[in-house]
Amino acid sequence: MVETRSKTGRTPPRRTFGEGIVETPGRKRRSGSRKSETNTDRSSSPIPDAHTTGVDPVVEVGMSERRAAKKDMEKSMNGHANGNGHANGHANGKAKGRIIDGWLEGGDPKVDMNPHFDFGGSWGVSAMMIGFPTLMWYMWIGATYYDGNFPSEPGMSYAEFGKHMVHLVYTGAFPHAKAWAIYWIFLIVQGFFYMTLPGVYATGKPLPHEGGNQLRYYCNGVYAFYFTIFLAIAAHFTGVFKLYTLMDEFGPIMSVAIISGFIVSFIAYPSALYRGAQHRMTGYPVYDFFMGAELNPRMFGWLDFKMFFEIRLPWYILFLITLSAAARQYENNGYVSGEVGFLLMAHFLYANACCKGEEMIVVTWDMYYEKWGFMLIFWNLAGVPLSYCHCTIYLANHHPSVYAWPKWFLVFLYTSYLFAYYVWDTSQSQKAMFRARERGYQTERKSFPQLPWKEVKNPQKITTDTGDSILVDGWYKYARKIHYTCDVYFAFTWGLVTGFRSPFPWFYPAFFFAMIVHRAWRDVQRCREKYGEAWKEYERRTPYLFIPYVI
């Protein structure tokens with residue numbers, strides 16, 4: 001259990017709320033002088049005290065965690081020099097140290113000393129910032145006005161067709177006040193839940209540019225998700241807010257989400273520059289705007305924007321959209337089809353998994369390395385929830401007789417999906433618990449569902465020259481990226497359950513497959529470079545990447 005210390009050094013009693021639950025950050029504030037920040041006890045939250053307003057929310061943690069952090073930082077420094085074995089510094093023309101994840105050791109963390117330009121650099125990301133919203137409106141038009149097919153008007157010229165498409169967006173997806181209220185009330189309520197509901201603390205990876213210090217993350221996504229579902233159902237049955245309103249107002253809500261993505265991005269970027277909070281900048285403004293300026297933006301010291309945007313907003317919205325489709329179908333037909341029920345199960349399991357494993361996400365690449373820019377902001381506010389949902393949109397817009405599968409096939413979909421979920425959930429749990437135990441700060445939780453074989457006892461491993469260990473046990477002795485295979489199967493079934501009459505439900509499977517293959521290739525290259533012979537040994541012992549005994 002997380003504890004604070006008073007000025008006298010005594011540990012005051014803390015009120016608990018069940019297994020591993022601590023008081024919410026809003027219930028207690030740290031007091032005392034700034035000097036108290038340097039004690040070796042764990043902090044109750046990442047909130048700076050009143051004397052350190054504006055200081056980056058980096059906190060001191062327990063001695064065991066500090067030792068593990070130092071070890072982790074030393075590992076991360078090994079093998080990260082640039083290609084010719086040294087890093088070129090810019091202070092007094094002399095090299096200062098190695099380059100660690102873009103930071104020149106001993107140099108200015110605001111400058112990326114080893115930039116990598118993904119997505120085609122500035123021109124590529126510019127095209128993406130224009131193309132993403134355009135694609136979303138295009139798919140919505142096809143799903144709404146063209147029976148799920150590609151929009152086409154052979155009798156129109158290109159100019160006329162363009163004006164026609166703009167007119168459809170203006171008349172059917174205009175961001176009216178009701179849509180703004182629905183979207184932003186939801187966001188604000190979720191922020192309130194983040195700061196008030198009970199939860200647990202988790203410790204992020206050590207930050208080399210902060211001397212190995214670590215951020216504390218407050219994790220209460222499970223409480224927020226279940227309470228959101230309860231309120232949504234209560235509002236529906238009391239008539240305060242009918243769930244199927246999300247279906248009826250989908251176009252305007254999508255437009256609000258798209259505009260909100262740009263607004264938040266245009267606030268976040270100059271705000272970071274104004275406060276001097278930029279990190280690892282390349283010097284190319286358009287590219288930096290897309291990738292982000294600030295590494296760990298927080299509000300009130302503990303509402304972590306990256307965590308909040310990635311874990312809660314997209315997946316809660318996606319699930320609520322599917323729940324609204326089920327409500328609309330029940331209202332119209334008196335029943336919910338097996339296909340809609342399948343998506344409801346699938347989207348619940350995915351959102352729930354993000355919440356129940358929230359404390360395991362704090363050490364991932366997105367939390368540790370990615371910055372808070374247009375890519376993360378727009379994709380989580382608009383792209384994920386309102387483009388991945390086209391499987392739901394298609395089912396909601398058609399009678400069940402149009403897309404009905406035989407019962408035996410639905411049984412196969414349900415059972416195969418649950419098996420894939422079991423492999424996906426337990427494989428990621430095995431890896432996360434393996435890492436946490438090695439670092440010495442594992443958080444035990446009882447959140448639903450806790451599945452058999454979530455942890456491998458006394459696992460086989462390969463020790464690397466960096467000091468890290470590679471897990472070669474559990475699911476990972478069968479395939480090195482077996483959890484990616486499950487992810488691909490999830491996406492495939494989301495499209496498959498709708499049939500083949502519309503291309504738009506297949507956008508997410510196609511997009512995700514291309515993305516995950518690229519990520520797997522990138523991960524393999526990085527691991528080969530980082531771990532050398534140890535990774536080759538892992539590839540020898542586990543030769544299959546995605547599917548055991550196949551590929």
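Going from the start of the chain as shown, residues are counted 1 onward.
Note: Cβ is positioned from N, Cα and C throughout, glycine not excepted.
According to TrEMBL, the region 'Disordered' annotation covers 1-61.
Positions annotated as transmembrane segment by TrEMBL: 123-146 (among others).
Per TrEMBL, the feature transmembrane segment maps to 181-202 (among others).
Residues 189-190, 193-194, 197-199, 312, 316, 320, 323-325, 327-328, 331, 351-352, 355 of the same chain lie 6 or more positions beyond the ends of the transmembrane segment (223-244) yet place their CB under 8 Å from a CB of it. Among the features that TrEMBL reports, transmembrane segment is placed at 223-244 (among others).
Long-range neighbours of the transmembrane segment (250-272) within the same chain, counting only residues 6 or more positions beyond its ends whose Cβ lies under 8 Å from a Cβ of the stretch, are 133, 136-137, 140, 144, 169, 172-176, 178-180, 182-184, 278, 288-289, 292-294, 297, 305, 321, 372-374, 377-379, 381-383, 385-386, 393. The annotation transmembrane segment is assigned in TrEMBL to 250-272 (among others).
Taken from TrEMBL, the feature transmembrane segment covers 313-330 (among others). Same-chain residues lying 6+ beyond the ends of the transmembrane segment (313-330) with a Cβ under 8 Å from its Cβ atoms: 186-187, 190, 224-225, 228-229, 232, 236, 242-248, 250, 336-337, 340-341, 343-344, 347-348, 350-351, 354, 379-381, 383-386, 388-389, 392-393, 395-396, 400.
The transmembrane segment annotation in TrEMBL covers 336-355 (among others).
According to TrEMBL, the transmembrane segment annotation covers 376-396 (among others).
Per TrEMBL, transmembrane segment is recorded for 408-424 (among others). Here the transmembrane segment (408-424) has long-range neighbours at 338-339, 342, 345-346, 349, 353, 451, 475, 482-483, 486-487, 489-490, 493, 496-497, meaning same-chain residues at least 6 beyond its ends whose C-beta is under 8 angstroms from one of its own.
With a cut-off of 8 Å between Cβ atoms, the residues of this chain six or more beyond the transmembrane segment (482-500) that come close are 339, 342-343, 346, 350, 388, 391, 394-395, 403, 405, 413, 416-417, 420-421, 423-424, 427-428, 431, 475-476, 506, 508-509, 512-513, 516, 519-520, 546-548. For 482-500 (among others), the entry in TrEMBL reads transmembrane segment.
Across 123-146, 181-202, 376-396, stretch 376-396 shows the highest tally of CB pairs under 8 A with the transmembrane segment (336-355).
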